[in-house]
Amino acid sequence: MIRFVLFISCFFLIGTVVECNKDGYLMEGDGCKMGCLTRKASYCVDQCKEVGGKDGYCYAWLSCYCYNMPDSVEIWDSKNNKCGKGK
């Protein structure tokens, strides 16, 4: 019984430390989507992994889209679009 409780405790601890379930477009410092039109094929995959994501691709050769990123990563959102609005 003690082993079962320890197993469950470890399972929940691991789940709370690294939550990687966020998908979306990577965002540049100016609030715009991270472009990939003129980049090499692995650019988006590399950028996604750099922020802790599992995988990514260049969506329609325009913007980097990532899978399974940590919840702490800020992603582009059409509702809060700051692109081109200045800081």
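Any Cβ shown, glycine's included, is placed from N, Cα and C.
Annotation for CYS83 (disulfide bond): spatial neighbours ASP30, GLY31, CYS32, LYS33, TRP76, criterion Cβ-Cβ under 8 Å with sequence separation of six or more. A coil conformation is recorded for CYS83 (disulfide bond) in the three-state DSSP classification, outside any helix or strand. Per Swiss-Prot, the feature disulfide bond maps to CYS32-CYS83 (among others); the stated evidence is sequence analysis.
The disulfide bond annotation in Swiss-Prot covers CYS36-CYS58 (among others) and rests on sequence analysis. With a 10 A radius on its CB, CYS36 (disulfide bond) counts 22 other CB atoms from all the protein chains.
Long-range Cβ contacts of CYS64 (disulfide bond) within its own chain (separation 6+, distance under 8 Å): TYR25, LEU26, LYS33, MET34, GLY35, CYS36, TYR43, CYS44, GLN47, CYS48, GLY56, TYR57, CYS58. Under the heading disulfide bond, Swiss-Prot lists CYS44-CYS64 (among others), citing sequence analysis as support.
Under the three-state DSSP scheme, CYS66 (disulfide bond) falls in the strand class. The annotation disulfide bond is assigned in Swiss-Prot to CYS48-CYS66 (among others) on the grounds of sequence analysis.
Swiss-Prot lists 22-84 with the feature domain 'LCN-type CS-alpha/beta', giving sequence analysis as the kind of evidence.
The number of other CB atoms found within 10 A of the CB of LYS85 (lysine amide), across every protein chain shown, is 9. Feature annotation from Swiss-Prot assigns lysine amide to LYS85; the stated evidence is experimental evidence.
What Swiss-Prot records for 1-20 is signal peptide, and it gives experimental evidence as the kind of evidence.
Counting every protein chain shown, 16 other Cβ atoms lie within 10 Å of the Cβ of CYS32 (disulfide bond). Cβ neighbours of CYS66 (disulfide bond) (same chain, under 8 Å, six or more residues apart in sequence): ASP23, GLY24, TYR25, LEU26, CYS44, GLN47, CYS48, VAL51, GLY53, ASP55, GLY56, VAL73, ILE75.
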